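Down below is the structure, laid out as structure tokens.
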Amino acid sequence: MSSSLSRTETLSLFSLFAACVGIIANTFHGDGEPLIASIAFSGIAFASTYALIRWLGDVFIRAGLKGKDMSKRNAPIIPETMGAVCAVVYLLIIIVFIPFPFYKDIVVATSGGGNRDFIVKAEQVETGRFLHRFPHSKLASYLSAILSLQSVVILGLGDDLFDIRWRHKLLIPAFASIPMLIVYFVDFGVTQIVVPKLLRPYFGELLNLGWLYYAYMASIGIFCPNSINILAGINGLEVSQSIIIALLLILNDLLYVLPISPSAPPHPATDSHFFSLYLLLPFLGTSLALWTQNWYPAKVFVGDTYCYFAGMVFAVVGIQGHFSKTLLLLLIPQIANFLYSAPQLFHVVPCPRHRLPRFNGRTGLLEPSMADFTQKPLRPPVELVVKVLGNLRLLKTEEDEEGRVVRSSNFTIINLWLVWFGPMREDRLATGLLGMQIACGLLGLWVRHSLALLVFTADNWSLGISRS
Ligand code: UD1
Ligand code: MG
């Protein structure tokens, strides 16, 4: 891989970088225009990640961070863990961004020149009349988001370096969720859910889940990172699915943030959706840069660091923005892949180290990869279920002459796609799966914004809760 940038690339990246710096310098007035600043920071994130990935490729290979592209002839070795570059650029950008959403409050609190004594005099503190209330809780949730993301990146790097075992991997993000759950507890603390109309005679309008609600949020923190990591193994899939989810979340945020008419009062959840935009836009910037290098034929791999990091970004915005149910509606393919994978993940059916599709060197196409049961035959009830799934075309199965199932396709929706539509080239497979991700996501958003009103009678707005 060539590690230097071409002249055109250098020129375009530099122009983008300079333009974004110019835009940011211009935001220091009025409310500070944090959204404009966030978009400009995302441009900087794109330019920096793009250049760094190209510069660091060889360094990563020398450090042993490399992987074999198994779906190509001669299985070339390319740099892995490039998600670490994304994550580091992202973290630095959102740290530098901290003052921007609070610019207005900082100006008021310090009278503009950093002079704290100017407004808040002793007698005013007593009466409290002029005491400006800085939104510490918002700052706390922003900082805890950074802390959660940082923890998951450290743990993800550990996984890329030392190949942690699966049962331990599952728990990695649980620790990383703790900072954001604590801030949720202190700051928001709502553990009630709105009960669907049908069940109201039994449970009332709101049901308090108590600590179960925290268990639910922690599970989202565990699910998002891992579900992206297991819907992986073909060029571009990890980062493209993350970009699509991020774009759909941004679309959902815009539905709240953009005023329907100029005179309409802002939606009560506006602030949480701005928070979500500030975290998602730079994520989109770094991910798009990674995408250009990871799409078929991949020049770099994203590594587990990227999968954990991306999943945690979604968990953090979903939980702190109070729209975890909407988030789950955008993860339908990931949920389907997890449920379909469950027999192999929980070792009811043998699970090989890699379940990515098998590359056929003769045709150059991908075929479903197969799990072998000859060493460890399936127990009769499991075998029966596998046979039924085979008959329903939900698996490809092979039987020996005694009618025992000896092999079946691996339980991922990537392989299922190949069972349904036949062998195909890697990029066509990725495009098909991503088309499905977009369709499911748009359907999810439509369900959220139209059908949900029928099930819950009213939007959360009229119930006085800003969780959606
Ligand atoms: C998860 C999956 C595993 C899948 C792997 C592929 C489960 C339980 N685990 O494991 O089945 O095979 O991801 O990412 O579902 N690779 C390619 N082409 C790609 C991407 C990856 O050949 O486009 C290969 C490379 O050799 C790369 C390796 O996969 O080095 C990365 O695998 P890793 O992320 O370590 O696997 P897991 O996340 O443990
Ligand atoms: Mg992985």
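Quick reminder: no glycine exception, Cβ is built from N, Cα and C everywhere.
Just so you know, TrEMBL annotations are computer predictions that nobody has curated.
What TrEMBL records for 35-56 (among others) is transmembrane segment.
Within the same chain, residues 1, 27, 32, 34, 37-38, 41-42, 44-45, 48-49, 52-53, 56-58, 60-61, 65-69, 106, 139, 142-143, 146, 149-150, 153, 156-157, 160, 278-279, 282-283, 285-287, 289-290, 293-294, 298-307, 309-310 sit at least 6 positions outside the transmembrane segment (77-100) and bring their C-beta atoms closer than 8 Å to a C-beta of that stretch. Annotation source TrEMBL lists transmembrane segment at 77-100 (among others).
What TrEMBL lists as transmembrane segment is 139-158 (among others).
Taken from TrEMBL, the feature transmembrane segment covers 170-191 (among others). Long-range contacts of the transmembrane segment (170-191) within the same chain: residues 137, 140-141, 144-145, 147-149, 151-152, 155-156, 159, 164, 208-214, 217-218, 221-222, 224-226, 308, 311-312, 315-316, 319-320, 322, 465, 467, each at least 6 residues beyond the stretch ends and with a Cβ under 8 Å from a Cβ of the stretch.
Summarising the annotation, TrEMBL assigns transmembrane segment to 211-231 (among others).
Under the heading transmembrane segment, TrEMBL lists 243-261 (among others).
Annotation comment: TrEMBL describes 273-293 (among others) as transmembrane segment. Outside the transmembrane segment (273-293), and at least 6 residues removed from its termini, the chain residues within Cβ reach (under 8 Å) are 34-35, 38-39, 41-50, 53-54, 82-83, 85-87, 89-90, 93-94, 97, 101, 138, 141-142, 145, 236, 239-240, 242-243, 246-247, 249-250, 252-254, 256-257, 267, 299-300, 302, 306, 310, 313, 316-317, 320-321, 323.
The list of residues near the transmembrane segment (305-323) in space but at least 6 beyond its ends in sequence, with Cβ under 8 angstroms from a Cβ of it, reads 81-84, 86-87, 90, 141, 144-145, 148-149, 152-153, 155-157, 159-160, 172-173, 176-177, 180-181, 183-184, 188, 190, 217, 220-221, 223-229, 232, 238-239, 242, 245-246, 249, 252-253, 269, 272-273, 275-276, 279-280, 283, 287, 290, 331, 466-468. Sequence annotations record features per position, and here TrEMBL assigns transmembrane segment to 305-323 (among others).
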